[in-house]
């Protein structure tokens, strides 16, 4: 006869009992066949444990013992029935069923447990077989891992043991049961049809226990519970979960979940969503009502979490929140008195101790989270200035009774509350002002047994610039660098290498000592210049309209002389303060539009150089001359070891009413003005002493004309090389004294430019009329230069020989 496994189908208990009874009846009535299982097994197999008045409240149970020589399916039902107003607890002390799952033992897996298993039902509404058909299935177990503790949702728990083995022994499973009063589960007044939805009124119970429906047993699936706490006016509610164990389905708790609402309905603001395991979970309502919901999903019973247990309390003594809301703070829902304050960009306000201006209450802890702005456009820090402070010290004169701890580094993000920066107590404090290291400042106020007036402090959100240097005391973007304090260092635009903030003015002031100059060398430079021409160097008033950097000399009488304005990618060349100046000022201006990464630079205070620097001179009393870079035509070199720059300055002076024409006929200095600027080496040309200099670096194409005419009879040329220079071939420039558009020219008049130059400059093999006018070198056959130019021509001939 084929084996019938319908009893092992995982159906409801009532169906299983009916099927098994049908199998036994068929076996007894078979024509000419012996019964497969002795009829004496059934009454011995099933067991029932009932709580009766005066009877035992606990006991033990073990697996049934019988022989099953035919190896047929046998079902044994253990029923535990509590008395009214009671529940029953079932705990397994031994478990070792002989199931044979295909892929290892699996708790609660219907398909894994085939030959021997135990089904659990802890949501049995009535113990009668006709009512068990609607009992939710609580899980199937085999192997050597016992089901966890079960507590009945109502009054009954049923265990259905199945086997098709030839014999069973008592040590297959064993356990104990306990009948106990269910008062703890009656949280308040039952509402609705759910067995676990309650209203808890402060008038009836000021404090008590909140517990999940079958705690500490495994909680049921497909369940919804609600706990509505209704306090009196002026009261708040405190919940403390001392044990919390729910299935963890992810950070958003999509499966089993506890939700707490700051009001009487689930339309109220939510305090929190919780699942998994929680520790130190304390919840405070903002007002006198709070709703707690507990929801579990319908799914295969493969988890065995126990739920939660905690305490609740209604009280008028919890901290009143008016000290928060009246001062731009926002109460952090769920806490007794924690608050957060968010910047409104440069805003300020006040923070107080609870109950201020009256003495604070004892034994409270309040946290203050003060957040400055932090985004692509803004970065702030928090300045805190105390105007009143009174937290009494303990008996030992320390902060053991009450304190205010201040955290300046945002330690709250890692819960590093033991790493505070200041711990304050007493009637006064030396720490009258503190500044956060970043955009967050946190305070923790803890009161002890002693009461005091507390504290009052002003918070100020100010832009965090992240600039090394001595910051201005008013929090503005102003930084100073004194030679007397530090000879060398670095500085940068705000927040570098991040983007600088918009709508900002920043000033960097460098003050030298006597007989010193300050040198500035830029390492990186990128300042927004939307309207600049990207094909040329981006500096000067014509190009820099959006954001810019200006560099100026500072003088003892308060005078400021601008050196240059820079933007785009055109890094300023190496800059030194003038000999008569007391230092330099660098000014960064940004508008309200887009932002770039800004700049990074270094400074050095060094002994002042002579007027002409390392290799320059004064040029006058001549009709023309030639200026070359050091070592030309070989590569120029950088400064001597230990120096940050080398400088050569030439001052050219011609006769009154004459001007200077300067023509670069060769130019190759490292750098590229349109793309990266002249940070390693630069030529500065002052063609007018009252205006801004022109700056040059890069390479002059052979066919390009680079010539410049002074506004008056004086011109200055300066060549500065930074210590990061790798060298280049340098430059050669010819200067010529010219008269521009004179009424009469008694000497040589240039054909194209109409310049009047000295007659003896004609046919000297130098383009003194300019790069685009060769008339002074035309028709020179048979022309003999004057004696005074013969030595100069010899020098030029020697130079041309070297170049060839």
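One-based numbering along the chain as shown.
The backbone N, Cα and C atoms fix where each Cβ goes, glycine too.
All TrEMBL annotations are machine predictions without curation.
Record features, source TrEMBL:
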type	residues	note
SIGNAL	1-27	signal peptide
DOMAIN	45-180	domain 'CUB'
DOMAIN	196-315	domain 'CUB'
DOMAIN	337-462	domain 'CUB'
DOMAIN	477-606	domain 'CUB'
DOMAIN	615-738	domain 'CUB'
The domain 'CUB' (477-606), counted residue by residue under DSSP: helix, strand, coil = 0 helix, 65 strand, 65 coil
Could you pull the average pLDDT for the domain 'CUB' (196-315)?
-> 94
Of the residues in the domain 'CUB' (196-315), how many are helix, strand and coil by DSSP?
-> 0 helix, 60 strand, 60 coil
What DSSP reports for the domain 'CUB' (45-180) is 10 helix, 60 strand, 66 coil
